[in-house]
């Protein structure tokens, strides 16, 4: 290729690059909650820390207990391949005043939050994690899972746990007791933890009705009395209890795009190891980045293809012309 054709090709490449639109950085958007999606409301102020929910969860999901031995408060307060649901306690100072920041303590229930737009689903390369299109429950398929554990890194709540002792490998997380082989919800039952909670600290229902109930509680006057329901809002099983001073925030309404497990507390949620997250879901953010990268890759490839065709054509013309014209 002579100098004239080289300059011509370079100029055309620059024009092609300038003519192509720049990569769009349109803001990612949250996926809307599935209408009627199922979830739980956990009211930390009602929890008595009995761990009945933990035991029931293990009875349903792990009939063979952790081989490390009997579970007690000291070794059963962390999520593991043998425990999908746990109760942790936070303390401050002397730790004698329930749901108080000063010299107080509070309980927190930990399990999969069933995010509205879950990042674990977004990052899974083989779709071993899927969000049920009707219930919104995040389900796991062990037969598809490759054990890459991307979901463990992606989860902002550090929920999925991998069983390294299983020769085939397996992930464990809460599926609201409706996974294949259990299907309590499909059979008309309740998640085990909801069924056995004596204080109604965790109740089951649609995200919409649970959110309405949570906001109703936040509007109650501290010191007044309220009929708190057990199991579900429509169970008819309620008990009269003094309204605490709630921390004025419903966790899970907007955090990370929203969750189907909602939390009310009497102390700042940061104290209970609930992460502070942006309103934009992690799933939406990661997918937007992926799509932007893929779109961005196409532009330089298109330019490169155009330049390649132009160079090949000019090279062929050079052969026909008999070589360089030696212009300076």
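Note that Cβ sites are derived from N, Cα and C of the backbone, with glycine treated the same way.
Annotated signal peptide per Swiss-Prot: 1-27, in sequence order. Summarising the annotation, Swiss-Prot assigns [4Fe-4S] cluster 1 binding site to 47, 50, 53, 197. Here Swiss-Prot flags 103-134 as domain '4Fe-4S ferredoxin-type 2'. The annotation [4Fe-4S] cluster 3 binding site is assigned in Swiss-Prot to 112, 115, 120, 155 on the grounds of similarity to another entry. According to Swiss-Prot, the domain '4Fe-4S ferredoxin-type 3' annotation covers 136-165.
All features noted in Swiss-Prot, drawn onto the structure.
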{"residue": "47", "record": "[4Fe-4S] cluster 1 binding site", "DSSP class": "coil"}
{"residue": "53", "record": "[4Fe-4S] cluster 1 binding site", "DSSP class": "helix"}
{"residue": "112", "record": "[4Fe-4S] cluster 3 binding site", "DSSP class": "coil"}
{"residue": "120", "record": "[4Fe-4S] cluster 3 binding site", "DSSP class": "helix"}
{"residue": "155", "record": "[4Fe-4S] cluster 3 binding site", "DSSP class": "coil"}
{"residue": "197", "record": "[4Fe-4S] cluster 1 binding site", "DSSP class": "coil"}
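Away from its own ends, the domain '4Fe-4S ferredoxin-type 3' (136-165) comes close to residues 33-34, 37-39, 67, 79-81, 110-116, 118-130, 171-176, 178-179, 207, 256, 260, 275, 277, 282, 286 of its chain (Cβ-Cβ under 8 Å, at least six residues beyond either end). Its own atom aside, the Cβ of residue 197 ([4Fe-4S] cluster 1 binding site) has 25 Cβ atoms within 10 angstroms in the protein chains shown. Each of the binding-site residues 47, 53, 115, 155 was scored by how many other Cβ atoms lie within 10 Å of its Cβ, and the smallest score goes to 155. In this structure, the CA atom of residue 50 ([4Fe-4S] cluster 1 binding site) is 20 Å away from the CA atom of residue 112 ([4Fe-4S] cluster 3 binding site). Taking the Cα atom of each, residue 115 ([4Fe-4S] cluster 3 binding site) and residue 197 ([4Fe-4S] cluster 1 binding site) are about 23 angstrom apart. Here the CA atom of residue 112 ([4Fe-4S] cluster 3 binding site) lies 18 Å from the CA atom of residue 197 ([4Fe-4S] cluster 1 binding site). Within the model, the domain '4Fe-4S ferredoxin-type 3' (136-165) carries an average pLDDT of 95.
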